[in-house]
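Engineer: So TrEMBL says this about it:
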BINDING   Arg75  pyridoxal 5'-phosphate binding site
BINDING   Arg97, Ser98, Gln105, Arg313  substrate binding site
BINDING   Arg271, Arg398, Lys463  tRNA binding site
MOD_RES   Lys284  N6-(pyridoxal phosphate)lysine
REGION    469-490  region 'Disordered'
Amino acid sequence: MNSENFGLSEKLVSSSYIRQGSQARRSHEQLIRHLLEQGKCPEEGWSESTVELFLSELAVMDSNNFLGNCGVGEREGRVASSLVARRHYRLIHGIGRSGDIAAIQPKAAGSSLLNKLTNSVVLDILKLSGVRSVASCFVVPMATGMSLTLCFLTLRHRRPKARYIIWPRIDQKSCFKAMITAGFEPVVVENLLEGDELRTDLEAVERQITELGAENILCVHSTTSCFAPRVPDRLEELASMCAKYDIPHIVNNAYGVQSSKCMHLIQQGARVGRIDAFVQSLDKNFMVPVGGAIIAGFDESFIEEISKMYPGRASASPSLDVLITLLSLGANGYKKLLSVRKEIYLLLAQELKSLASAHGERLLHTPHNPISLAMSLDGLQAESDKAVTQLGSMLFTRQVSGARVIPLDKEQTISGHTFRGFMSHSEAYPCPYLNAASAVGIAREDVTLCIKRLDKCLKTLKKEGNAAQSSPQVLLSGHEDTSQGVTEQK
């Protein structure tokens, strides 16, 4: 409805009522105007009606929604199911063009505007979260692993002789496979055990650089967010080292946007040294469906180079999801979520510490990890070799998701490389342990239920262990003892 149509409406309905409706419409349009002018996340979240009005306005700008459009090409935004069309708000053309994911589509002005606005709003959120000097970013419809691969492939053109990527070890498959998929040889640098924490071995990293030759190294691939007792890499020192030897530096910041500490490390690393790009997941940081990531950096031309490396058009779904989410939350709403996450981290640490003490265990001291916590399972290991892994199964069947139980001496081979002590980020971590994390969106009820169910599982396993130890190995009748089977049935 424009002013002319509102004027015509006054012939049918009382002008006072129409003016009131017109003013209500203008309040929505004012919010949209501010977004277009500033390109920033609004301070306060929008109502669903404003978001849907905006998306509808974008959709009618795409050619597949033109009245009387005649499409004779192979890609005309045709959708067989009206349910699918509604799911995507009739924004069907995706983002980018065949040669550049950031390019404008002539027949999809609305989708192109959606793409530009999403990247601008996300850039604003990265700055608000702590990386103030970030210059550019874009949303890519791939999860973190493939987005890292895209960064490595872009660097290949800058460093054609390079074969190696130096990688302080973190036991997560996708970031390792990202290097393999890009065609490079990961050089795994084991971590140093400092107290309970696993930290970057800077001397070993520098030794690999001198031995392999800086010109043969594609980049250093570091990590911020991770499972305790692994802690974020020493980003400032690595960034300074990369600047010293003129080696690119790519940071896996998978779920680090929600942590002010992780974002501060990136900001400081860029200030004192070199960070070429940092990659973060959409679903882990913004509570949207899996399938998107943000590639960001401090050199606008390099980030543009990465976006042009993406072959073909791309799905607009991740961009649409994160834009809807951030417009609905607003900057204040997102900051509140981050604040609550910090509070619950302290609660989770306190509750885990109390529970650990009650069961003769301890909360591992990992102050440099701002998201993940770890509790020792030494006593459980002493009860039975299988008790540690059994705990993980018991928690899962009791609907405690996300908790990780890490046994000793597990081996895993990934793309020909064997990791000893896999999942513990170390060849020989001193004890088995359990992980729990306070990630964005967590509620106090999650912590309460987790601790309650974990306590019951530990008591059950201890009871079963005591029963097994007290049972005779051979019954008086001479038959084998079947108490283990009975225990398992219980």
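For all residues, glycine too, the Cβ spot is worked out from N, Cα and C.
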Engineer: Select one residue from Arg75, Arg271, Lys284, Arg398, Lys463: among these recorded positions, choose the one with the most other Cβ atoms within 10 Å of its Cβ.
Structural biologist: Lys284
Engineer: For the recorded substrate site formed by Arg97, Ser98, Gln105, Arg313, name the remaining residues of the chain with Cβ within 8 Å of the site's Cβ center, in chain order.
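Structural biologist: So the extra residues in range turn out to be Gly94, Ile95, Gly96, Gly99, Asp100, Ala103, Gly312.
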Engineer: Could you check which of the recorded positions (Arg75, Ser98, Gln105, Lys284, Arg313) sits closest to Arg398 (tRNA binding site), going Cα to Cα?
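Structural biologist: That would be Lys284, nearest by Cα distance.
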Engineer: Which whole number of Å gives the largest C-alpha distance between any two of Arg271, Arg398, Lys463, the residues noted as binding tRNA?
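Structural biologist: With Arg271, Arg398, Lys463 as the binding residues for tRNA, the largest Cα distance is 55 Å.
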Engineer: Near Arg313 (substrate binding site), how many other Cβ atoms are within 10 Å of its Cβ?
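Structural biologist: Total other Cβ atoms inside 10 Å, all chains included: 21.
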Engineer: How many whole Å apart are the CA atoms of Arg97 (substrate binding site) and Lys463 (tRNA binding site)?
Structural biologist: 63
Engineer: If you count Cβ atoms within 10 Å of the Cβ of Gln105 (substrate binding site), leaving out that atom itself, what do you get?
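Structural biologist: Excluding its own Cβ, Gln105 (substrate binding site) sees 18 Cβ atoms within 10 Å.
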Engineer: Rounded to the nearest angstrom, how far is the Cα of Arg75 (pyridoxal 5'-phosphate binding site) from the Cα of Gln105 (substrate binding site)?
Structural biologist: 12
Engineer: List the Cα distance (Å, whole number) between Arg271 (tRNA binding site) and Ser98 (substrate binding site).
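Structural biologist: Cα-Cα distance, Arg271 (tRNA binding site) to Ser98 (substrate binding site): 35 Å.
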Engineer: Fill in the CA-CA distance, Lys463 (tRNA binding site) to Lys284 (N6-(pyridoxal phosphate)lysine), as an integer in Å.
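Structural biologist: One finds 37 Å between the Cα atoms of these residues.
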Engineer: Other Cβ atoms within 10 Å is the metric here; tell me which of the binding-site residues Arg97, Ser98 scores highest.
Structural biologist: Arg97
Engineer: Cα-Cα, whole number of Å: Ser98 (substrate binding site) versus Arg75 (pyridoxal 5'-phosphate binding site)?
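Structural biologist: Cα to Cα, Ser98 (substrate binding site) and Arg75 (pyridoxal 5'-phosphate binding site) are separated by 12 Å.
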